[in-house]
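Features reported for this protein in TrEMBL:
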- C281: active site, nucleophile (ACT_SITE)
- H365: active site (ACT_SITE)
- E367: active site (ACT_SITE)
- S59, G252, G254, L282, Q285, N323, G325, F326: L-glutamine binding site (BINDING)
- 15-145: domain 'Carbamoyl-phosphate synthase small subunit N-terminal' (DOMAIN)
Amino acid sequence: MITENKDHIPPHKNITAALVLADGSIFWGYGVGATDTIVGEVCFNTSITGYQEILTDPSYAGQIVTFTFPHIGNVGTNDQDLESTVPAARGLIIREDITAPSNFRNRTTLQNWCTARSLVGISGIDTRRLTRRIREQGAPSGVICHSPDGTFDIPALMKQAQSWPGLEGMDLAAEVSCTETYQWSEKRWTLENGYQNNDTPKAHIVAVDYGVKRNILRCLATVGARITVVPATATAEDILALNPDGIFLSNGPGDPAATGEYAIPVIRKLLDSNIPMFGICLGYQMLALAIGAKTSKMHQGHRGANHPVMDFNTNKVEITSMNHGFMVDKDSLPDSARISHISLFDQTLCGFELKDKPVFSVQHHPEASPGPQDSHYLFDRFMELIAKHA
Ligand SMILES: NC(=O)CC[C@H](N)C(=O)O
């Protein structure tokens with residue numbers, strides 16, 4: 001492992017990758033995956049499992065993920081733990097070299113999988129040091145350059161990192177959304193049966209895809225929904241014409257405030273229909289904007305699988321999976337909304353419900369993938385709300 005420096009010359013001849021931050025810091029390491037140069041916001045995730053799900057979560061579009069857990073890649077990759085097929089994380093930063101996979105579900109190494117997906121990574125990085133720096137100074141823009149012959153144009157890489165505009169004000173949801181409407185009936189994976197379909201649906205949910213994770217759709221199918229997934233640009237009329245019993249607003253990448261042109265007016269119209277509605281993460285943030293609340297960029301964000309959240313409906317604490325860099329400002333919630341969930345790490349707002357409409361939403365990821373399953377009850381809560389309003 002080589003610690004960061006500002007010297008433009010690689011410290012030895014085996015170096016095949018560089019991570020260059022906008023402030024000029026250089027971290028040298030070893031290339032993983034595709035031979036390319038990528039730019040994005042450098043964030044960190046503290047989960048100890050689920051790197052494949054994290055890297056395929058469309059909410060990470062525009063981001064480079066630093067894994068704080070040192071052993072990434074040691075269970076290989078498979079075809080089942082994918083959260084999407086659309087572009088998601090741009091790159092990965094890891095501590096240890098990827099070792100030979102050891103898991104009965106493995107199909108191919110993380111190294112080959114990254115190459116096949118055009119994902120660029122760097123290993124050999126002091127991820128503790130990098131994470132401390134993000135905690136102290138916020139998530140920086142950065143570039144990973146994977147160069148097998150060990151040549152790097154550091155000033156050009158620095159310039160590329162500095163000229164990247166950052167996620168604030170950036171709309172990425174429309175880029176990762178599906179373009180055609182489709183049906184979904186697959187339920188959550190089990191060791192005994194793999195993926196099974198829900199063939200006896202109890203309700204029809206229209207899910208608006210701002211970058212939806214497959215496990216959210218699977219959780220909805222598991223609690224009994226038939227799901228129609230529509231593109232982020234679907235109008236309220238398109239959605240209502242499908243005759244939904246419930247409407248779901250998905251997670252997704254980028255700045256929620258940047259979706260104001262297309263998503264917010266649609267959500268406002270949908271609220272008028274009084275159809276039960278549930279939002280997760282970006283969907284929650286956009287719902288908040290639609291009722292007049294405000295969102296802002298967080299200093300370092302929440303990304304991990306051990307975030308404690310309090311549910312005020314039951315006064316129970318749930319350990320949750322999180323992945324967000326923006327938040328809804330608690331004080332900006334209008335009187336029409338009631339706080340339902342709060343982060344016990346930093347007291348930020350994690351959920352609200354509307355007082356006079358069958359609408360609720362959460363900032364965390366109840367579908368997990370990866371992470372603890374404590375929050376699965378929220379999908380049941382949605383189905384109960386739908387049954388009550390049928
Ligand atoms: N997982 C998500 O939906 C993330 C929402 C939003 N892009 C954020 O970073 O806060």
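The backbone N, Cα and C atoms fix where each Cβ goes, glycine too.
Note that the structure is a prediction, hence the values are computed from the model and not measured.
On the structure: features taken from TrEMBL.
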residue	record	Cβ neighbours (10 Å)
S59	L-glutamine binding site	31
G252	L-glutamine binding site	32
G254	L-glutamine binding site	26
C281	active site, nucleophile	29
L282	L-glutamine binding site	30
Q285	L-glutamine binding site	28
N323	L-glutamine binding site	27
F326	L-glutamine binding site	20
H365	active site	25
E367	active site	27
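Residues C281, N323, G325, taken from the recorded positions C281, N323, G325, E367, are distinguished by a CB atom under 6 angstroms from ligand 1. The closest partner of E367 (active site) among the recorded positions, by CA position, is C281; the full candidate set was G254, C281, L282. The two recorded residues, N323 (L-glutamine binding site) and C281 (active site, nucleophile), have Cα atoms 8 Å apart. Counting Cβ atoms from all protein chains shown, G325 (L-glutamine binding site) has 24 others lying within 10 Å of its own Cβ.
In this structure the alpha carbons, written CA, of F326 (L-glutamine binding site) and C281 (active site, nucleophile) are 9 Å apart. Confidence annotation: the domain 'Carbamoyl-phosphate synthase small subunit N-terminal' (15-145) carries a mean pLDDT of 97 in the model. H365 (active site) falls within a strand segment according to DSSP.
Annotated L-glutamine site S59, G252, G254, L282, Q285, N323, G325, F326; additional same-chain residues within 8 Å of its Cβ mean position, judged by their own Cβ, are G211, N251, P253, D255, P256, C281, H324. Note: the CA-CA distance between S59 (L-glutamine binding site) and C281 (active site, nucleophile) rounds to 9 Å. In this structure, the CA atom of G252 (L-glutamine binding site) is 11 Å away from the CA atom of H365 (active site). Of all residue pairs in the L-glutamine-binding list (S59, G252, G254, L282, Q285, N323, G325, F326), the one with the greatest Cα separation is 13 Å apart.
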